[in-house]
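The structure appears below as structure tokens.
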Amino acid sequence: MDEATCHIEPPAYFTRLATRLEPTADIVKKTLKSRDRVVHLLYLKSVVDMMQLQEIVVKPFYEMSAEQNFAEYIQSLPYETKMPTGDEEVLIEITKGNVFVMIDKQITLLELKIVAANAVQEAIMEPTIHGPQLGLSESIETNINVIRQRYHKPSLIIEPMQLEDASNRDIALIYDEERVKPQLLKIIRKRILTLEVELVQGSSDLQYYMNNKKYSLFPTSLLTERPDRILHNMAVGKVIILVDGSPHAIIAPTTFFDFMLSMEDAYYSFWVVSLIRFLRYAGLFTCIMLPSIYVGVTSYTPEVLRTELALTVAASRIGVPYPSFIEVFFMLIFIELLTEASMRLPNSISATATTVGGLILGTAAVEAALTSNIMVIVVSLVAISTFVIPISEMNYAVRVCRFLLLLYTTAFGLAGMVLGMLGLLLYLVNKDSFSEPYLRMFWKNRQEELKADDS
Amino acid sequence: MKFLSMSKWFMVVLCMSGVLLQYGCAFKDIDKRLFVSAIGIDPAENVENGYKVTLKVALPFGAIKDSERPSFAYLSREGQSIGEAIRMLETHVDKVLELGHMKTIIVHEKLLRDDMQSFMDYFIRRGDIQLIAYVAGARPSAETILKVEPNTEAPASVALINFFGATANDSPYVVTTYLFQLRRDILADGINPVLPLIETNAGGDELIVNNSVVVDGREDPAVLSTIETKYFNSLLKDSTGFTYLVKEGSLKLLLNFSQSKMTYQFVPSKGSGAPRAIDMHIVMKGTIGEANKDLSIAKLDDYNSLASKDVKQRVMHFLTKMQEENLDPFGFGLRYRATRLHTEDIFTTWQKAYPDIEFKVTVDVKLQGTGSIE
Amino acid sequence: MSRFVYFLLISNMIANLIAASPRIFFAKSEEGAIITMIIALFFGVFMNWALITSFKAFPGKSLPQILSLYLSKWITIPVLIILGVIWYVSGLQTLITYIDILLRFLTPEMSVYLVIAMFIPVITFGIIMQSRNILFTLELVFVLAVPAAAYYVVKLYFAEQVSWDHVAIAMTFIDNPPDYTVFSTTTYLFAGTFDIIIFNSLLKKKMTFGIKQALIVFILGAFALFTTYFIPIGVLGFDQVESTLYPWILTSDSIRMKFGVIERVIFIFLLLFLAIAFLNITIHWHVACKLFQSAFDIEQLKIKWREKISLVIMVVVFWSIAIYTTLKVTEYDLFLFSRYYFNFIPIVMTALISLMLVVNRRAKS
């Protein structure tokens, strides 16, 4: 029997592919042989589902009588992937978990991959009380499945793409053909295909690279793990980009207001949502402006305060050796450190860190007259209101803005603060996300407004 | 792109360096400022035609909750003008004098005449002084009044401020006059401003505000008595909390009025356009607050007419007194100008007519109940 | 009419409060201010109608584009340069006034250079932005400012500090003969719409100006005029109101918020108006910038970076003149010069409309 197998030399093409994959340990070259029928299999055992391979390929092979039958059988299998042209592409397919099957001259790729991390994960970044509790998984197929499950329309298009980077990751553009603007699709495709990067790890850094500008503060596309957010945006004609191996989807293009929207807004009654939205925008303005207001008011125009408050603030600053802006910078940096630290630590320790940092250090700093009580209140208020912003990328951007505005106010006083805010507004309005205006008002229907621009 | 970013950076560097050079001249921390909470103006003792300026500076205290008493510092200085005296006072303290929180201007009774123009000029010309500061007269002197620290004064607050503007004290005996209002009324033809008069008790630990003065540029100001102040306030400003005692035989009634409304019209004399009389109608609504006999709701009408008659008398007395002194705190002249199409001599016509004008007052008291018991 | 046209109109009306116009009205308060304002109100609405109607035939085209299509270069270039200068001066006037106000009321100790430096980066960024984004900014600032502004206006009208007797006295001067300066100043209130000579390139829908629009413009104008003129009189008194330099600042300082976070309304006013003044300067200078660019025919030049170089030159020139004049001009000069400027405005408006009439006729034939 051994002799017989030895006789069958694998075809040249098969050997060529095998040798290119060669030194890796998980490569399997197999030749199935029964009587005069021969089938060559080439796959990587770490990414292929062995059980399925056994069930679908190996077993039928020995049960079927004629070679012709088996070739037809393989071709009829639903697992077949399209055969790419060129060796390199075929090899990439094999590394993705396809089984290369060669029967005589017929070559087929069967997708029998096994993905360890295909479980749908709980939504951690954007938790809501109502709405779907589960987010996306780390497998692109599962994610597409999650989306399809909620959006039954033939116009939903899944457009596969492949990155030209080191990892050859699978990417899919998902959009509703009837709603999306063709111009936008063209821009996004071009952006992705012209990327010149070494390695894309997942959607987060893809998003960064797609931003197209090296120094950019505000995000122009949105990362989400919530299927309802994906659908919400797809339904208004946006494009979703999924990257294999990443539990986040990119939504593009985005406007500033998208970042201020929590999916929970859709699940409550009008007045409740109005209140929540009001709070959210109030939080946004507080966390950008409050430190600046403190500096502007205490050091430039204390007339703004009521007399009683002015006296209280002045009293709380007695003995503080530094000018107000240094005090604010110190305290802000301190609170940023605290936030960063509690994010990196495991849950059980982070609570301790916050307590020690926030409560004990804060009180001690006031006792030691390094800072004023009012300052501690201001900083805590700022820290709390930062977290009201639902999307974390915007959250980070806003934290940076705060410092810039503080600089401007320190130099120019309250008027500087207002001008600084206007400057920020100008910057945001002037920004565009995939050639759509980033910040603008929508009175009527979004689509109508956009159409009015084009006409 | 490169060109643009270059120019951007260049701009940023240019701006920053400019800012750094200039920076710091307006930056002054709140604890490096002294908040002047009130200013008192007296006639100078040593400088001829000068003023003595006293500043009441509110000092911030370490822990406000723990301190029992507010703490103030007083600065005094005489000078030819107020501005000069304040400039000199700036050299007496280690911090910046901040006048933005100055909310009360107290002027010695004697100075409430032609000097008014010059103070107001200073206060308004300085951009940082509030126009909603209160102005008040002081007896015996502004300095004494400023230095009174009443027992009810809480830390980090100034009692003088709470009296006015209906923030804390709502009494109908307290007249509130803002700086801008004073300026408006002094400069306008046909109205005389009324200022509250602040006094103190013998012990010097209470502030008493229940009289007021009518300021007229020419002569010494006329002081309104407590009762007149009350009438002035409730007729012109609809102050609430107005109480009124009616006596009729052995019956004594204390009425609490919650609303009062005054409307008036000019009655032109035949022939010339000059006004002959003012037809005044006062409506007051309220309840009975205190009585020494049993009352019955059925007799409310009687009490109404009783009260009406009495109120009318007092109002007439007040109006004629003002007329005799040729003062016009209600601004009849202003109203007269406002209701006639403008002519060159409209105001002189009024000035001639006012001393002889006849007041026809009808008072309509409407008691709405006898309080919570019958 | 597009909503942006209303925004342009309103922003100009509000910005005028802090500029020289109230002072001009008060100076003439006993010489026919009221009757002139009423006449000018109708004239202003008429001008708006004429402008919108004359641009109706050219949706999506700015004035330089229209002129270059139908008129010879010898007319177009001087017209554009004159208009550019007028728009530049309009922004400059607001800038100087506001810098003066900031120095006087908000930060008296600050150096004038620092105050100018504060405006330079933000306004420069505003000028070089795309026209479309300027309109969006205008809208956003309006949305953000509306709550505070509405509160402020309601507070003004219901404040007990306003003496309506003084307002009534001011009204008794209704029978005086009209005055040209007041007329031109009032007309300037309606100049906001004229910004569409540039922004029309973005307003691609055909605009209509019927009875409804006329009524809205009329009511807006009447309300703005009434507030501008009568409220300060009510607060500061009729007899001496002309002696105040910034009547509106003193008026806001006289209003008190008993229970507000801030007791002195003046700060709300100052900061709110900073935003409006900023918008006004940006819009006017942007229009001026575009007019100059098309006057010098930037598109035709064959230099690399022509757009950017022209912008840089423009910005540098704009600011040099602005800094020089801000440092040199006294309050009195500013007042006098604003009066001359305002007197010029109705003539320019009429001339512009006549020009559009000619263009319209040529376009039809």
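The backbone N, Cα and C atoms fix where each Cβ goes, glycine too.
Keep in mind that what you see is a predicted model, and the values were worked out from it rather than measured.
The feature transmembrane segment is assigned by TrEMBL to C:35-55 (among others). Below 8 angstroms of C-beta separation, residues 1, 5, 9, 25, 28, 174-179, 182-184, 186-187, 189-190, 193-194, 196, 200, 207-209, 213-214, 217-218, 221-222, 225, 229, 346, 349, 352-353, 356-357, 359-360 of the same chain, each at least six residues beyond the ends of the transmembrane segment (C:35-55), sit close to that stretch.
A Cβ distance under 8 Å defines the sequence-distant neighbours of the transmembrane segment (C:67-90), meaning residues of its chain 6+ beyond its ends; these are 61, 191, 197, 284-285, 287-289, 291-292, 294-295, 318, 321, 341, 344-345, 348, 352, 355, 358-359, 362-363. For C:67-90 (among others), the entry in TrEMBL reads transmembrane segment.
Annotation comment: TrEMBL describes C:110-128 (among others) as transmembrane segment. For the transmembrane segment (C:110-128), the list of distant contacts is 95, 99, 102-103, 134, 137, 278, 281-282, 285-286, 289, 311, 314-315, 318-319, 322-323, 326-327: same-chain residues at least six beyond its ends, Cβ to Cβ under 8 Å.
Feature annotation from TrEMBL assigns transmembrane segment to C:135-154 (among others).
Annotation comment: TrEMBL describes C:180-203 (among others) as transmembrane segment. Sequence-distant contacts of the transmembrane segment (C:180-203) (same chain, at least 6 residues past either end, Cβ-Cβ under 8 Å): 2, 4-5, 8-13, 16, 20-21, 24-25, 28, 32-33, 36-37, 39-41, 43-45, 47-48, 51-52, 55, 58-65, 83, 90, 131-132, 134-135, 217, 221, 224-225, 228, 283-284, 286-287, 290-291, 339, 342-346, 349, 352.
The transmembrane segment annotation in TrEMBL covers C:215-238 (among others).
For the transmembrane segment (C:265-288), the list of distant contacts is 8, 11-12, 14-15, 17-18, 84-85, 87-88, 90-91, 94-95, 97-98, 101-102, 105-106, 119, 122-123, 126-127, 129, 131, 134, 137-138, 141, 144-145, 148-149, 151-152, 155, 195, 197-199, 248-249, 252-253, 255-257, 318: same-chain residues at least six beyond its ends, Cβ to Cβ under 8 Å. Positions annotated as transmembrane segment by TrEMBL: C:265-288 (among others).
Among the features that TrEMBL reports, transmembrane segment is placed at C:309-327 (among others). Long-range neighbours of the transmembrane segment (C:309-327) within the same chain, counting only residues 6 or more positions beyond its ends whose Cβ lies under 8 Å from a Cβ of the stretch, are 88, 92, 95-96, 99, 112, 116, 120, 124, 127-128, 285, 288-289, 292-293, 296, 298, 303.
Remote same-chain residues near the transmembrane segment (C:339-359) are listed as 20-21, 24, 43, 47, 50-51, 54-55, 66-67, 70-71, 79, 82-83, 86, 89-90, 93, 180-181, 183-185, 187-188, 191, 194, 197 (criterion: CB distance under 8 Å, separation of at least six residues from the stretch ends). The transmembrane segment annotation in TrEMBL covers C:339-359 (among others).
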> Which residues, given as numbers and ranges, are at least 6 beyond the ends of the transmembrane segment (C:135-154) yet have a Cβ under 8 Å from it?
Replying inline: 3-4, 7-8, 10-11, 14, 126, 129, 199, 202, 227, 252, 265, 268-269, 272, 275-276, 279, 282-283
